Amino acid sequence: MKFARSGAAVSLLAAGTLVLTACGGGTNSSSSGAGGTSGSVHCGGKKELHSSGSTAQENAMEQFVYAYVRSCPGYTLDYNANGSGAGVTQFLNNETDFAGSDVPLNPSTGQPDRSAERCGSPAWDLPTVFGPIAITYNIKGVSTLNLDGPTTAKIFNGTITVWNDPQIQALNSGTDLPPTPISVIFRSDKSGTSDNFQKYLDGASNGAWGKGASETFNGGVGVGASGNNGTSALLQTTDGSITYNEWSFAVGKQLNMAQIITSAGPDPVAITTESVGKTIAGAKIMGQGNDLVLDTSSFYRPTQPGSYPIVLATYEIVCSKYPDATTGTAVRAFMQAAIGPGQEGLDQYGSIPLPKSFQAKLAAAVNAIS
């Protein structure tokens, strides 16, 4: 978590639970939207919500909860960042009011049907938090590096083994790359970051990756380290190394980040709120109605120049109609706060504020929660 705010009390428990409570009582209504789309927060319902799930959402959730309690004094939300799988399980077991997840509900395991039984209505997957994944590197004397999908795939599967390989050098004219051996560093733990990074390699490499994607790194080369902290620490002490990190860790650790050449044009693209915002705005929805499941393959081969292609989309999984109306009212208010005032300064937490066009799509679904 980043910091505690004035006017609210924050406590982080050992289990990774965030509890943020505003001072004051009654209900309030506010309108805002860092992405540019304003919307009211209609406070009401039960006073304390419970949610759990994605650790990738943890920092953004602090901002969302802060926006909620500021908009609705006297209301709280308790979020336990215990992992996507645990969060979905607790939601399906009716132990929490909604779940945070790096992936939408999985039809192959019957999760949509189980959620419909739990809710008494269809559950909706609402993509709310978008975090770029950075390719980070440590090469002595090299401060800028351009990569594309095929070249990155060949690095991470061991096909390219030295930094001055002609395929890398061709993308970096004007930079004298050394003959240093490449040291690949990967996540040794199961990770949504690994899954999404490998989906990028699979989707953007024109067949050069050939390893598929999963929460376990499949490249077959390199050294593993646990978590973003572990990979970052090993990168910083290893000349010639390369890894992948959530953007917030790359910024926080002051790591060098590669710029990515995409299918949309020859110009390398860095991570910025604008470049990731273009990716989000161009996201294709393959869910039906207000179930906003994304086709993330559209991220990896963008058509709009200046779009950054490696982005992790995470979801809030909610009931479309809650058995208890007071819960539905409160969840709707929280989500209104999250996609409205909660977007302000979200990039300081490692996530990208929603662009106007996508914010409007999400608002229509959020406002329909009951």
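Cβ coordinates come from backbone N, Cα and C, glycine included.
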Phosphate site partner of Ser54, Thr55, Ala56, Ser84, Ser191, Gly192, Thr193 (as recorded in Swiss-Prot), chosen from Asp102, Asp113, Asp165: Asp102
C-beta crowding around Gly192 (phosphate binding site), within 10 angstroms: 23
List of residues, in chain order, with Cβ under 8 A from that of Ser84 (phosphate binding site) and at least 6 apart: Gly53, Ser54, Ala99, Gly100, Ser101, Asp102, Val103, Gly192, Thr314
Ser54, Thr55, Ser191 as binding-site residues, winner by CB count within 10 A: Ser54
Cα-Cα distance, maximum over Ser54, Thr55, Ala56, Ser84, Asp102, Ser191, Gly192, Thr193, record's phosphate binders, Å: 12
Cβ neighbour count within 10 Å of Asp102 (phosphate binding site): 26
